[in-house]
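S.K.: The structure follows.
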Amino acid sequence: MITDTMIFLQLVLTTPWQGDDPTPLCHPVLPRLERILNHLCIIKEHTLLRLITEGFPACWDPQVSIKDLHFDGVPVRIYLPRKPSASKQRGVVFIHGGCGIFGSIRTYERVCRYIARKSDSVVVSVGYRLAPEHKYPTQTLECLTATEHFLKTAETYGVDPARVIVCGDSVGGTFTTSVCQELGQRIDIPKIRAQVLIYPFLQALNFNLPSHQKNAAVAFLTRERTVHFILKYLDKDCSLKEPILAGSHVPENINLKYRKWINPDLIPDVFKMGYKPPLPALFSPQTHKEVPELFEPWVSPLLAEDAVICGLPDTCIVTCEHDVLRDDGLLYKKRLEDNNTRVTWHHVEKGFHCSLGFFGYGIFSFPSSSTIMNHVVDFIKGY
Ligand SMILES: *[C@@H]1O[C@H](CO)[C@@H](O)[C@H](O)[C@H]1NC(C)=O
């Protein structure tokens, strides 16, 4: 997700950071730089982020043939293994992260090629249009459109429609599971075979779970930046950040209703070391009224009804220890298991949010980038 320029900046701004400890990466300069540029109106924050996450172009790939297409109007890039295949192949729809406001097909070029090569699958990377120019839920709708189109036309690309997997990281994981929740209810198109959720964002009700508390200041995605980005994504006033962080946007009846799914008590003890329950938040009807989207399943897939969860395909969830969103993944895992969905779970001890974005960048890659990538490829190869 965060590549070249970011790596360069990190290199310049930080003390030794190779290895797998994200703490030295936690540098206040970049957000501050963004803020200054933003205030000066030189460049918008999301414009800068788009720029630095574009990445270097990758070289020609002898093993994968690459084409840019449109699926019902949605830009996609398709990666076809050149090696001839006797039978129909597996398909993988890849939905990139970047909070819905940055990131692109190009950002994940190396990731998609690797999946195509190593798992011998036809990969479709979805270039959904970004917020805030294209308002929520354009992003989810375009991911749905592209996936549906691929399921219907799979055979054109030599793909078996019964072997299509959807995979995404961060908010791409949110979109992935929304696609699976929606299409799981449909009987007129082939069923998605499996979903892969790499450190997904899954709920906007509680930002005081143990992982939020523990990793509040960890690199790339702090607790504050999480809410800041959600507000940007939904094109809301960023002054809502503080009350949302405190939980003031959630009325008591909603808290009671969803306690069975979003609750620190559901997090295993090993992940709760040092956790202190926060003081109860004072409800602010004003804040609640401003952000109704936070309670919709397309922003908070953890709130989907049981009937929807029961329709989900086999699932692989990757969580990282140094990630504010770790507990979103853990809570979703529990929900899926309670509703008899098969879950393969990989917890990456040294991983952090955005690890995958460094994959394929040689010495700038992290060991956890490869760990995540290989867990994903191994899971995909099982279908
Ligand atoms: C789904 O999980 C909930 C617990 O979250 C449980 O009460 C319910 O019975 C489950 N439904 C099915 C069909 O497994």
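Our numbering is plain: 1 for the first residue shown, then up by one each step along the chain.
Cβ atoms here come from the backbone N, Cα and C positions, even for glycine.
Reproduced below are the annotations present in TrEMBL:
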type     : residues : note
ACT_SITE : Ser170   : active site
ACT_SITE : Asp323   : active site
ACT_SITE : His353   : active site
DOMAIN   : 92-244   : domain 'Alpha/beta hydrolase fold-3'
DOMAIN   : 296-354  : domain 'Alpha/beta hydrolase fold-3'
SIGNAL   : 1-19     : signal peptide
S.K.: In Å, rounded, how far does the Cα of Asp323 (active site) sit from the Cα of His353 (active site)?
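M.R.: Rounded to a whole number, the Cα-Cα distance is 5 Å.
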S.K.: Measuring Cα to Cα, how many Å separate His353 (active site) from Ser170 (active site)?
M.R.: 8
S.K.: Averaged over the domain 'Alpha/beta hydrolase fold-3' (92-244), what pLDDT does the prediction give?
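M.R.: 97, rounded to a whole number.
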S.K.: Would you count the other C-beta atoms found within 10 angstroms of the C-beta of Ser170 (active site) for me?
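M.R.: A count of 29.
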S.K.: Quick one: DSSP breakdown of the domain 'Alpha/beta hydrolase fold-3' (296-354) into helix, strand and coil?
M.R.: 21 helix, 19 strand, 19 coil
S.K.: Counting across all protein chains shown, how many other Cβ atoms sit within 10 Å of the Cβ of Asp323 (active site)?
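M.R.: Its Cβ shell of radius 10 Å holds 27 other Cβ atoms.
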